[in-house]
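Peer 1: One structure is given below, represented as structure tokens, and several questions about it will come after.
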Amino acid sequence: SVMTAETTYKERRQRVDSQGSIGPNDEVMPYSDDETDDEQLTRLLVGWKVKANDRAYHQLPEFKKKIFLCIKKSRYSGNAIKTYKYNALTFLPLNLYEQFKRVANIYFLVLLILQSIPEITTLPWYTTLIPLVIVLGITAIKDLVDDLARHRMDKEVNGRKCEVLLDGRFQDSKWRNIQVGDVVRLKKNDFIPADILLLSSSNPNSLCYVETAELDGETNLKFKMGLRVTDERLQEEQELAEFNALIECEEPNNRLDKFTGTMQWAGERYPLELDNMLLRGCKVRNTDVCHGLVIFAGADTKIMRNGGKTRFKRTKIDELMNYMVYTIFVLLILVAAGLAIGHTYWYQDIGSRAWYLYDGKHQDAGYRGFLSFWGYIIVLNTMVPISLYVSVEVIRLGQSKFINWDLQMYYHEKDTPAKARTTTLNEQLGQIQYIFSDKTGTLTQNIMQFKKCTIAGRSYGGNREHKNSQVRKPVDWSWNRLADKKFDFVDHLLVANIKSKKDKDALEFFKLLSLCHTVMVESNDGELVYQAASPDEGALVTAARNFGFVFLSRTQDTITISEMGREATYEMLALLDFNSDRKRMSIVLKFPDGRIRLYCKGADTVIYERLSPNTRHKDATQRALDMFANETLRTLCLCYKDISASEYESWSRKHKDAQLTMVDRDAALDRVYEEIETNLMLIGATAIEDKLQDGVPETIAKLAKADIRIWVLTGDKKETAENIGYSCSLLTDDMQVHYGEDVNEKLRIRQADRRNSAPQTIRARKKKPAEPFFPGSGKNALIITGGWLIDFVDMACECEAVICCRVTPKQKANVVSLVKKYKKAVTLSIGDGANDVNMIKTADIGVGISGQEGMQAVMSSDFAFAQFRYLQRLLLVHGRWSYIRMCKFLRYFFFKNFAFTLVHFWYSFFNGYSAQTVYEDWFITLYNLAYSSLPVLLVGLLDQDVNDRLSLKFPKLYLPGQQETMFNYKNFFISLFHGIFVSLIIFFIPYGAFLQTMGQDGEAPSDLQSFAVVTASSLIFTVNLQISLDTSYWTFVNCFAVLGSIAIYFGIMFDIHSAGIHVIFPSIFTFTGAAPNALRQPYLWLTIILTVGMSLLPVICIQFLYKTIWPSVGDKVRPTTSTFKEARRKRPAFQRDRPSRRSAYAFSHTPGYANLISTGRSIRRRPQNDVLTHFRNHVQLH
């Protein structure tokens, strides 16, 4: 087995190497989505053993793994899942540990310790403890609420009931108690609790229908089946209790499309594959009862492994904010060190000689300077804002709620509101530079409709305008009792041709569609229900049904259809299934009259290579295909071939030999299929529409105006992706489109040039920008396939639009990583399926669309909504507002703390640098908590420079966020110098007023306490009026907050300066009567007014000059909105002057149900074919 694994590894390595960056094959899908070859090799070499009905077996020492020192536990996970972070015991220590990872919190804890040292403390301990406890408490409560929600979700999932075989009988058990090796019983509509090997079911051949929307995003039902041996011998409870097989299989992994293993039972070995597995996250459908053996449980299941690594995402502003806090630390240390040195010299020259300053301590000047340093660290600690982080969290929470409450992002049809699933990334929405979008289900609706076709060179399905007919009047299907009434078609001529039965080509066309497929049929309350492997197949079979060729039933070797009301049964000799390499499927049928015919449908690129030289209508069909491609329709060519009995017999023997091949069976079958799929006769082609979602072209055009680059990453074929690019306005006619083949030479030259350059040249080039790939000022677009993803970032970033086709989920994530790494750009990924999860988690912002393809993408996303068009509102309105609000909040927050703290710096020059405070202790404690917090908090939550309508109308308003112009180091230093200026005014104007003065009563209120009241009052007026100047959007709440903050300040100040509170706490409240005494002096009020006026006047003048001489985009928009006109252009889907694109082929990239059908295991055993009988009766009733 080791040799086999190594051989497989080498073969796969060769396949990968053959798909290098220089010459990839556009048509080859890379084989691995999420794993490297080394990971696959490791998995092949390591085994996973499961013993049925034997829990003790899995606790054997050989299955133990070391987790810590000598502590070991079983390598088999229990079935309980855990997404929560804390429990009752760990919440307090873990949460505090996480909070103290923030440098600011550690800093304040150190301060608290310093303040408890009597020799150096200059402020009471409570001035730091109270704010610190409040900040830690608010954050802890928020974390607790979030974690309780996770606890509830885990409890609900782990507490679900399931029947487990214990002590010889089935008993109800909770999911958390299920273990590997247990046999479970599932019923219709049950969720599957673990990854389970299907043993038997109530359906014939142990067939089980499952819905996999939560797993892979596909909404159509899938078929799973048990092994024949377990189906026959494990139906009864007693048989299941005696089941003791040993399963050997691959290790737990994240591959949703692969499973390999063997079952040893009763001396025999049986191969296991993915078709035998029911995966956790799926739901049992249309199956009354099924039994299974648990292979992987809990964290080992594929859905839990497939979630990928959850990356901790931080915004650019977060990172910048941290750097600025570090900068403040450095400033604080420098200022404290400078003042400590000043105190040392002052004490040597003055302090030590002044008899009235003698304190009885025999300390030299150096030691006193050292103590002064720590004293100033405590006094100036408010330069580092302790409430900054908690205020930011509150603002982000509020902004997230606004997104959730936005009715313009609510999708009424599915009752789906927008949802901000994280509260930490809102302002990053205002800085997006690159959007990476999935195509199917994100830009399109993933609902396929048969729109047009070409038969024998004649096209149908367009608007045919005749004098006596109405344009686009839908076809009436009342003539066909089995028609799907929801099917919409407008070309009456094709229907007339079918009903007349004169057009033999048209009859053959729809007969092929009704026979050549792998669709399953069921009866549901008298209605036919088709279950298709892909929505394309379902649409084609439904089209044939409406045109009179109704697929009724199938058995292992027959297909029964209704041909214009007449039933016919065809013997199925072979079914050549679809796969992504073949791009076609064929069926070999024996007609009732004995003729043998092969029907084939597939992509034009592969069908045209296999056509007979005698086939007709090739050119006319090609022209129709080009037109369909231009209209962004998905196309398939249909053809047939008559086969003689002897030719079939010869081919059939080869086919059976290939089916029995044990080594490389798929390649052997492909070679045999190639032999018979030759010399085909072309009938025509179908064109299916995968409709764009509403508003997609307008959204993309608007985002492009905001200088946001949009890249489409899709698994679809190049031609289809390109056509969708045109229809959604991603590609426009004024763009020069470059393909992977075209840019190959440019990349090779650039790489060779880099290799051949001397080291000095390389260093010189790093200093200057590289020469552009596309010279000139024209617009460029790039369309490449998965293999071109290396060394293309610089080239791609020069383009207006990029489309990457045939990319796997892993490659989608790699593209996002490349742009993040090399362009340092802010990225957003948007998708709707499980194949987009990796990309969503990799981007700075992940958006999930809750649409046709389940909830996997939504569960991994940061933001979620129902339609792509809501993205423009999320970015241009909510993102932009969030960014502007956060920037304004941070600029002001830093300013008010500098203005408050640096007054101590100026005061130090007049107190011998002795670390004495200007303000009273309680003012320092409450300044950031009560006196100045609410107005700036409301600006961070509610401010708007322009309303939402103008934000959408003028996308250029989005540019400041991308350019990071509203909050950067320049803004930080402006806030610093603004704070220095205001602190200078607030200290020196009252200082001058107090220098030589006399009160009305003959007393001179030039004491420190009166000075502290005047400076504090001036500061509160200044900072609250400053935020008023910065507020763009006034509401009653803002006005109340500004006036309320000033009122709260005076109310608290008069209380803590009262004699009553001093009597109760004489050592804590020492400013007895200071406020009433000072504020009854009119000239002190004049001093406050002068101080506030001098602080605000320069700001008012600068703002006036900026808005007059250097207005921002927002300033220009507000007064002149009536002069702007927005041109609205609608471009038709098809334009004659656009160069044609060869193929619009697109189809399911997974094989159909051919294997299930041909083995007969998917066919229910019904007496007298009851589906068919039911429809005969149904027709007779009518």
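Cβ coordinates are placed from backbone N, Cα and C, and glycine is handled just like the others.
So TrEMBL lists these for the protein:
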REGION    1-35  region 'Disordered'
TRANSMEM  100-117  transmembrane segment
TRANSMEM  123-145  transmembrane segment
TRANSMEM  323-347  transmembrane segment
TRANSMEM  367-392  transmembrane segment
ACT_SITE  Asp438  active site, 4-aspartylphosphate intermediate
DOMAIN    858-1112  domain 'P-type ATPase C-terminal'
TRANSMEM  889-910  transmembrane segment
TRANSMEM  922-942  transmembrane segment
TRANSMEM  972-993  transmembrane segment
TRANSMEM  1083-1106  transmembrane segment
Peer 1: Among 100-117, 123-145, 367-392, 889-910, 922-942, which stretch has the highest count of C-beta pairs below 8 Å with the transmembrane segment (323-347)?
Peer 2: 367-392
Peer 1: Across the whole of the domain 'P-type ATPase C-terminal' (858-1112), what does the mean pLDDT come to? Round it, please.
Peer 2: 89
Peer 1: Counting only pairs 6 or more apart in sequence, are there at least 3 Cβ pairs under 8 Å between the transmembrane segment (889-910) and the transmembrane segment (100-117)?
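Peer 2: Answer no, regions not in contact.
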Peer 1: Please report, as numbers and ranges, the same-chain residues at least 6 past the borders of the transmembrane segment (123-145) whose CB is under 8 Å from any CB of it.
Peer 2: 85-86, 91, 95-96, 98-99, 105, 108-109, 111-112, 115-116, 378-379, 381, 386-387, 389-390, 393-394, 397, 917, 921, 924-925, 928-929, 1068
Peer 1: Assess whether the transmembrane segment (922-942) lies in contact with the transmembrane segment (972-993), where contact requires at least three Cβ pairs under 8 Å among residues 6 or more apart in sequence.
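Peer 2: Contact criterion not met.
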Peer 1: So how many other Cβ atoms are close to Asp438 (active site, 4-aspartylphosphate intermediate), meaning within 10 Å of its Cβ?
Peer 2: 29
